[in-house]
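**Q** Here's a structure for you.
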Amino acid sequence: MPKMAVLVVFGLLLSLAMVCNGGITSTFVRKTESTVDMPYESDAFQIPPGHNAPQQVHITQGDQEGTAMIVSWITPDEPGSSVVLFWSDKHKTKKAEGKAKQYKYHDYTSGYIHHCTIRKLEHNTKYYYKIGIGQAERTFWFVTPSAVGPDAPYTFGLLGDLGQTFDSNKTLAHYESNPLKGQTVLCLGDLSYADNHPNHDQVKWDTFGRFIERSAAYQPWIHTAGNHEIDYAPEIGETKPFKPYQHRYTTPFKASGSTSPFWYSVKIASAHIIVLSSYSSYGKYTPQYKWLEQELPKVNRDETPWLIVLVHSPWYNSYNYHYMEGETMRVQFESWFVQHKVDVVFAGHVHAYERSERVSNIANNLENGKCSPVKDQSAPVYITIGDGGNIEGIATNMRDPQPDYSAYREASFGHAIFDIKNRTHAYYSWHRNDDGAAVKADSMWFFNRYHHPGDPCKCKDSYFLYHLSKQFVPRNLYSCTH
Ligand SMILES: [Fe+2]
């Protein structure tokens, strides 16, 4: 090997060893102005023209395999029509009919909330859909994912704790302008923050629905229930948890054998995505426990190599906000995640950003004293991305010193992209709002835990050369595991 090449390789190996130390608390300083909701009359909440025009349009996957879509919208004044007309360049117009319902909450009565599932869609196809009647018709479009398969590339966007402030608007705009082009949003919960307002101001649910329409009407949002979705308020007579959320945001839970809209799974391209509920019971014998117990063995990694879990309350969190709130769920399920080699767990709830090392904490039996997290290549990476920009503001207070399980943390608003390349590699990046949309404030290559389970730091030469041969830049590549 020529001398120059040896020097280059040595230098790159050295930089790799340096990034393998992990444990970064970013020194980036973001602006400190208060985070306030956009006013009701904001352009971001614009009401579409025409009498009783459909508004708050959003879509989510309607089955397990990605050949159905649930279209949801609200007509404000009267029921109107629950029909969806849909077509593509090579498919003639078809019609599906959904249902509309209303709900009451304290002194508020909702508009007519429509949900309509359109089925038998072809994969990897752009469909147009039309809702509304007369002069108030509105047309949108979406692209179905490619067929479920082990090497199907796919790009997910990640948004958490979004709310409807000026910062929320920046986060969504930043995501929309990201050149990596997310195809489906994995939403980590805490949507409108209506419950932060008097009597859980339900109009805030309406403004939030209009705010996200510009994205959610055109690409599916996969929803996770957060604590701000509970809306439990016995002081005003509202004792049915999740009432507004459940009426407005539906999920395809029955398709995965779930008995609740709050925990379910979908397959998208090469990913199997499991959504859990931090705010539904999960102890042994409960419905969620039993569902997850039978769901994990069903995941076929030869069909969907990437096993992704969404949950609202993080299990590994080194901020002083919500510290250890996810602990009981971690104790309940973490050993299963390690056994089944979950690739990554995304959470929200903490209004900041954090990425963990691959760690587990499952050895403790109350007597052996093994109660600290240890590096574990079969464990997921845990990512907290509750930094959408909601009215409660940024979480800045961190535990000091930074614990070993924490690889990178920063108190900034932003979004992330999980970009699956094939069955072995995915590129993950986090984008803070204060940068240009293409700037990656934190990033890492994910090696699939089932198809590429090696420890990159223990055999770094071969991985390193592999990356060189693929012309990947070996910088910030690994969540290290010495
Ligand atoms: Fe939360």
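Think of each number as a place in line: the chain as shown, counted from 1.
Glycine too: its Cβ is placed from the backbone N, Cα and C atoms.
Unlike curated entries, TrEMBL annotations are predicted automatically.
TrEMBL feature annotations, pasted as is:
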- 1-22: signal peptide (SIGNAL)
- 54-144: domain 'Purple acid phosphatase N-terminal' (DOMAIN)
- 155-353: domain 'Calcineurin-like phosphoesterase' (DOMAIN)
- 379-437: domain 'Purple acid phosphatase C-terminal' (DOMAIN)
**Q** In the domain 'Purple acid phosphatase N-terminal' (54-144), how many residues does DSSP put in helix, strand and coil?
**A** 3 helix, 50 strand, 38 coil
**Q** Report the mean pLDDT of the predicted model across the domain 'Purple acid phosphatase C-terminal' (379-437), rounded to a whole number.
**A** 96
**Q** Give the residue counts of the domain 'Purple acid phosphatase C-terminal' (379-437) per reduced DSSP state, in the order helix, strand, coil.
**A** 0 helix, 26 strand, 33 coil
